[in-house]
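Colleague: Okay, here's the structure, questions in a sec.
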Amino acid sequence: MKQRLWNYISGLRNTSPLVHSITNYVVMNNTANALLAAGASPIMAHAHPEMKDMVSIAGALVINIGTLDEYWVESMRLAIRQAETLKKPWILDPVGAGATHYRDTVLKELISIYHPSVIRANASEIMALAQVSTPTKGVDSVNKTEEAPEAARYLNKTTGAVICISGATDSIIHEGKCVSLKNGDPIMARITGMGCTATALTGAFCAANPANLFEATVAAMALMGVAGEKAAALAKGPGSLQMHFLDVLATITEQEFNELLILEEENAGI
Amino acid sequence: MKQRLWNYISGLRNTSPLVHSITNYVVMNNTANALLAAGASPIMAHAHPEMKDMVSIAGALVINIGTLDEYWVESMRLAIRQAETLKKPWILDPVGAGATHYRDTVLKELISIYHPSVIRANASEIMALAQVSTPTKGVDSVNKTEEAPEAARYLNKTTGAVICISGATDSIIHEGKCVSLKNGDPIMARITGMGCTATALTGAFCAANPANLFEATVAAMALMGVAGEKAAALAKGPGSLQMHFLDVLATITEQEFNELLILEEENAGI
Amino acid sequence: MKQRLWNYISGLRNTSPLVHSITNYVVMNNTANALLAAGASPIMAHAHPEMKDMVSIAGALVINIGTLDEYWVESMRLAIRQAETLKKPWILDPVGAGATHYRDTVLKELISIYHPSVIRANASEIMALAQVSTPTKGVDSVNKTEEAPEAARYLNKTTGAVICISGATDSIIHEGKCVSLKNGDPIMARITGMGCTATALTGAFCAANPANLFEATVAAMALMGVAGEKAAALAKGPGSLQMHFLDVLATITEQEFNELLILEEENAGI
């Protein structure tokens with residue numbers, strides 16, 4: 001797979017797919033810029049009367065619940081239904097899963113009634129989300145990160161979605177396959193919305209490659225990690241990291257990408 | 001006209017007019033920063049009970065429908081009515097015109113019931129907007145950009161608004177006059193909200209020069225293009241472009257501006 | 001006090017308190033990034049059904065009315081009630097106090113029915129806010145800045161909140177004590193949301209130091225001013241200032257901080 005990933009990245013630059021995001025206020029600007037830098041074309045809209053039309057012209061839909069409220073949750077439902085009707089991939093970012101009862105209730109609906117193509121989240125959120133589906137457990141704490149692959153496999157099995165756990169190591173899990181990526185830099189956690197950007201890029205790669213969402217997700221996370229690592233080497237702090245990150249997303253070459261990429265592939269079985 | 005444009009830019013820095021924007025979530029931060037960098041003073045508010053008061057203290061109103069919904073459209077109506085009552089200029093940015101039926105319905109209302117002072121949009125949006133008023137045509141595609149001046153002249157005639165088509169060439173059209181600007185850089189399209197920033201700056205120059213909205217619009221677009229071109233020469237990608245763009249907006253000198261400016265003036269007739 | 005301030009800054013980096021902000025759309029990204037750069041952990045949420053849960057897990061609540069509307073004002077009420085029930089500090093940023101009747105009505109409610117722990121605002125807003133409580137005066141104009149300490153002492157007396165007036169000089173006033181800080185740079189006013197960032201950081205320091213909100217506020221403003229001053233020395237305009245500011249917030253050392261800090265302490269009496 002390692003040899004194929006650059007093709008996904010150059011393919012994105014050439015096809016410039018349209019990605020419709022219903023996302024949170026905090027990161028809208030960042031994630032739109034990251035999509036543009038990587039070669040995709042962002043649209044962000046949430047008005048109920050235009051959800052069908054917007055999803056119809058987009059190649060993928062990104063649903064991020066970071067600053068959800070009742071109106072926006074209904075926007076999400078309308079957009080997801082249209083995406084499922086038109087068989088377009090939709091990506092779920094369950095921001096803050098486990099933080100409030102309301103979030104968990106909304107997430108439970110989104111993953112039980114609908115069928116996300118990919119779920120991208122950090123370990124705590126993946127674990128909280130798995131527990132949404134297994135209500136006999138309480139909300140888990142942050143320190144059980146090592147349990148996330150198990151929760152991810154459970155989520156993959158119950159929802160059918162490709163599951164991506166992001167962190168120091170990113171793991172992408174689907175039907176017994178697992179790819180782990182070990183790029184990036186701890187300073188990436190000092191900018192808001194890096195996770196949301198990973199989800200947005202996943203949406204872009206899925207829009208460009210609807211036939212292989214597993215590899216599309218790996219490609220998105222590989223680009224995130226490698227670009228973040230290269231940007232961190234240039235940065236003097238989180239402010240300059242953000243600037244360099246966008247520059248690198250737009251300008252990284254095949255050689256730079258392949259030299260930095262650390263990818264481990266396994267068929268873990270379930 | 002070329003000789004007068006710097007006076008508009010230095011005048012803006014000296015008078016610091018207040019610009020009230022009802023704009024989209026994605027670009028609020030960028031456009032507020034661009035207004036501040038150019039010397040204007042931004043306010044952004046949308047609550048129905050304060051629309052009249054806000055418009056009353058502002059020098060111009062910017063209406064950008066990028067992330068519209070039912071509440072915000074009503075905010076726009078309330079603000080526009082007050083701007084028209086007080087004879088203050090208001091600028092329309094029809095983001096995504098033609099993308100959804102809802103947008104087109106809202107835009108049709110805004111340009112038929114109300115009277116925008118200036119409409120600033122890219123070629124596709126100008127053409128879609130013209131077709132909103134000529135319902136016998138369908139929604140046009142992106143590849144007919146060369147038809148935009150005709151659509152712009154039609155919009156100018158039917159709405160009375162100064163029409164600004166932005167792109168590789170910016171054309172400002174009003175009552176048989178046409179000024180074309182050939183500054184800028186293709187990388188500007190790799191940052192979200194550059195068009196929205198152009199509209200916000202147009203609002204600032206109109207606030208400072210309500211007696212000559214045509215030249216005020218030309219000045220805004222000239223500053224955008226020249227500053228973008230200078231910033232692009234300093235940038236290593238879209239992230240650093242954004243930083244340099246704000247720096248240049250705040251610091252560009254008369255000599256730098258006049259050396260870079262490429263302006264063509266014609267009395268095209270209708 | 002001067003010798004203790006660095007302990008607050010290093011303490012914040014070590015404890016990473018969670019700060020819940022109900023703030024305006026324009027600055028959400030900036031203020032989240034400033035919180036992360038300084039070592040705190042931001043959450044932003046406004047849905048009514050999750051306000052209680054969010055406040056329960058946070059160390060402090062920041063209320064910023066910049067882009068208020070009816071739904072968000074109710075979010076504020078729900079969050080404030082929970083903060084007061086749980087005796088957690090909440091910080092008020094009365095953006096645009098005096099600009100519209102609606103803002104003044106909302107602010108009057110927030111400071112008369114509820115009990116902010118700290119109010120951080122510029123001189124005009126502090127004066128307008130004091131007049132909200134003294135309805136026999138009209139709305140004051142910007143040019144009476146020299147009257148702000150009197151208004152601040154009045155607000156401190158009537159609300160019990162620590163009052164912070166920010167500007168070229170920052171003054172923090174509480175029960176006869178007054179600390180003045182003379183750091184910063186005029187260019188800081190050319191980026192949107194620097195005041196909102198000061199309020200967000202005040203929330204972070206209050207979350208980490210609920211037993212001494214006066215000194216926590218002084219520490220927040222000292223870090224703002226010193227980091228802004230150091231960043232301004234590195235910047236070529238407002239765009240690069242923003243980048244350097246986040247870098248400096250994350251990397252400033254005790255020695256750099258103490259060398260730049262200009263603090264005057266007085267027991268002013270009332």
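Placement of Cβ uses the backbone N, Cα and C atoms for every residue, glycine included.
Not measured: the values here are computed from a predicted model.
Reproduced below are the annotations present in TrEMBL:
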type    : residues           : note
BINDING : A:Met44, A:Gly193  : substrate binding site
BINDING : A:Arg120, A:Ser166 : ATP binding site
Colleague: Specify the count of other C-beta atoms within 10 Å of the C-beta of A:Arg120 (ATP binding site).
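Modeller: The answer is 33.
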Colleague: Binding-site residues A:Met44, A:Arg120, A:Ser166, A:Gly193: which sit with Cβ under 8 Å of a chain B Cβ?
Modeller: A:Met44
Colleague: So for A:Ser166 (ATP binding site), how many other CB atoms are inside 10 Å of its CB?
Modeller: 25
Colleague: Between A:Gly193 (substrate binding site) and A:Ser166 (ATP binding site), what C-alpha distance do you get in Å?
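Modeller: Distance between the two Cα atoms comes out at 13 Å.
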Colleague: Tell me whether A:Met44 (substrate binding site) sits in a helix, a strand or coil according to DSSP.
Modeller: strand
Colleague: How big is the gap, in Å, between the Cα of A:Ser166 (ATP binding site) and that of A:Met44 (substrate binding site), rounded to a whole number?
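Modeller: Roughly 24 Å, rounded to the nearest whole number.
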Colleague: Measure from the Cβ of A:Met44 (substrate binding site) and count the other Cβ atoms within 10 Å, all protein chains considered.
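Modeller: 23, counting other Cβ atoms within 10 Å of A:Met44 (substrate binding site).
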Colleague: Around A:Gly193 (substrate binding site), how many other C-beta atoms are within 10 angstroms of its C-beta?
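Modeller: A:Gly193 (substrate binding site) is surrounded by 25 other Cβ atoms within 10 Å.
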